[in-house]
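Enquirer: I have a structure I would like to understand better, so I am pasting it below and will then ask my questions one at a time.
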Amino acid sequence: MKQFHYTIQTLIRDRRSCVIKVISLSLGLLVSIILFSRVAFELSYDNCFQDVDNLYIVKTEWIKDGVIKGNAGSYTLIPIASTVAEEFPKEVESAVCSSISFEAIFKIGNRKMNKSFILSDSLYFRTMGIEVISGNPNDLTNPDVLFLSQSVAREAFGEENPIGKTLHMMVWGTPVEALVKGVFADLPYNVSLERHEAVLSFASHSKYGWGRPGWTSGGNYNAFIRLKDGERSADVINTDIDKVIAKHIPSDMNMHLHMFVVPLRTIHLEHSDVKRTILILSLLGFAILFAATMNYVLIFVSSLSQRAKGIGIHKCNGASDKAIFSMFIYETALIIGVSLVLMIIFLFQFQEKIEELAEVPLSSLFTWHNLWAPLSVVTFLFVIGGILPGKVFSLIPVTQVFHPYIKKNRGWKRILLFIEFAGVAFIFGLMCVAYLQCHYIINRYMGYQPKGVASCKHDFAEPDNARNNLKSLPYVEGVASIRGSMTWFGNREVTDEGGKVLFTPRCAAFDKDFVPLLGLHIKAGRNFTGERQFLVNQPYVEKMGWKGSGVGEIVPNRGTVVGVLAPFCCGVLPADDEPLEIEYGTNLRNVHVRLKEPFTENLHRLNNEMKKIYPQEDIEFRSLEQDLERYYRPTIIFRDATFLAFITILFITLMGLIGYINDEVRRRSKEIAIRKINGAKARSILFLLSKDIFWVAILSVAIGTYGAYYMSLLWISQFEDTICVYAGWYVVTAICLLVFIFVFIIGRSWHIANENPVNSIKSE
């Protein structure tokens, strides 16, 4: 306990330094723990499923003319799951087919909820390993049966038993009265496939004719397989699955598939953008953690000249190396403990912003599965920042504590500053590129005018009447409709006269008012006016091999090109990135209106008016600009995350730099005073104090900037429309950072350089 008492006394006496340590460690812990917890979140996908090592998914490659088209995907045909279970009974415990996730409006009385659901059958929960809280999964063999997640059931029915209750759903324009027959455990946010909140029986698919059955269903479904012996069973299936499936495909379909099963938990980490995210977050987290740790060590080493006498006295009074070591361990543990408390306060104080940056709730970020990440961060900080320096200092003999060691610790301090400067340069360079890319994609010219436009996806019972209602509103300038959206276009094959596939362009349908409403430009020809007319872009003309502008050319078996559109962007894609085919349509589902200013106020008025005109329908217009911004959201979040990381590491580094400068001034104050008495000017004193740090800064900033350049190229490669990354930018960022460091050093040293030398030597 004596060591603990002495530690408390030391902390109280040196409270200013302790405050700096606590604040810098709190910020470092906050940001690095969030970043590493996000990495742990990415690595723990699909752990929610019971016995996940035996849960597999079928991947499919489509073969045309003996050639595999595209990459293997997780989407397949409806009969695949049952066929695999039937043909491999010794390897398969259970198998199930489920649809992709869809959005639907759930109505309970006058209340509405927008929730996601999938279509599946009675084997879904058993195969996936999802806990069924209440209800019998066998009920999913009947149409109009619904299982809800626990949170949705509570939201819909409160504390009442939901079993036997009816929910009204609107599914693809079809009203469905679904009977709730069960409740299942909520799925976490880190599941490989689309997270859903309800399961509707697959029998409803057949009842309402929502899609084609059997082998003609198209590849919009997932086939999940629970194996009896994991990898061994998978090897058996993968050896024979192609031959087995080929036997079941009707011969007249001329369809050829290559299939194989893979563990579900590997799906998420297959994506290159996920691997890139994990790498970048890990580097950012490590840079900040290492900088915070090195800063703590730097402040610790810088204080040795002040604390050496006290340690020497302890040793002279019989303190062992172990006792001295214990004092430093207690000190580090107390400071880290206080820093953790402050960090937790920050977490709750800024919870909303942190969840926005992390893109997941804190409750999902800090689960039992992910606790290894924050524990590893704290352990690293404790070992490197506490145990190693404490061990080194405790082993120094008494005869060397007072003077020789003080001389040697300058090398330590420069190494630590070197690491911190490199970290600042790395994150600063990455932040600048993130800002420039974000600014570019948000402010680039789209090829049309989204400002002032609102859209709504809805199937109006009387579309002509709805259009007239919208046009009659005094704040509406124009009305038009589209199949698809300006953030996403579908695909459709283009064939020649003989039916041979030529290529697959992006496709959509516009009515005749959509082009002028959006401000799209036609560079050749005219807008369409009726059926069997098409607008295309220049890449489409080139793919077809047409000479001239393309106007008047025939799209085989379908119609005539009447106009060629000038380049415009679809979502985050660059203008004219792919061939584009727009056909003429009327009364299309996605209605767009252009509103007069003030836009926000008129949008609110429009939605209120829709509620009055269509009280029984769920109609809400949303800003097209805001819809586009959702596609930019990951880039904006990354920009904000790098900015937060930069501010954190800069603050930590400046705290360490202040400690270094103060220690140098204290150590060399007599030398500086004598130099000034002998005629040295303030300029030479400033040069004396800054030259060592500046040479360290030049090399470390160069290394950190090169790392930023390499990592920026890796990060920006995920975008199809990007800024040009020039090496000269990084030279400029490095120079700016060096100037900032130099100015900061001069500012901190200015007082001692101009101080009366008598004040420094009068104690001699």
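The backbone N, Cα and C atoms fix where each Cβ goes, and this holds for glycine too.
According to TrEMBL, the protein carries these features:
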type	residues	note
DOMAIN	23-236	domain 'MacB-like periplasmic core'
DOMAIN	283-391	domain 'ABC3 transporter permease C-terminal'
DOMAIN	644-747	domain 'ABC3 transporter permease C-terminal'
TRANSMEM	20-41	transmembrane segment
TRANSMEM	278-302	transmembrane segment
TRANSMEM	323-351	transmembrane segment
TRANSMEM	371-394	transmembrane segment
TRANSMEM	415-436	transmembrane segment
TRANSMEM	641-661	transmembrane segment
TRANSMEM	693-716	transmembrane segment
TRANSMEM	728-747	transmembrane segment
Enquirer: On the 0 to 100 scale, where does the mean pLDDT of the domain 'MacB-like periplasmic core' (23-236) fall?
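Expert: Mean model confidence (pLDDT) across the domain 'MacB-like periplasmic core' (23-236) is 88.
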Enquirer: In the domain 'ABC3 transporter permease C-terminal' (283-391), how many residues does DSSP call helix, how many strand, and how many coil?
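Expert: Tallying H, G and I as helix, E and B as strand, the rest coil: 97 helix, 0 strand, 12 coil.
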Enquirer: Under DSSP, the domain 'ABC3 transporter permease C-terminal' (644-747) has how many residues in helix, strand and coil?
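Expert: Residue counts in helix, strand and coil order: 90 helix, 0 strand, 14 coil.
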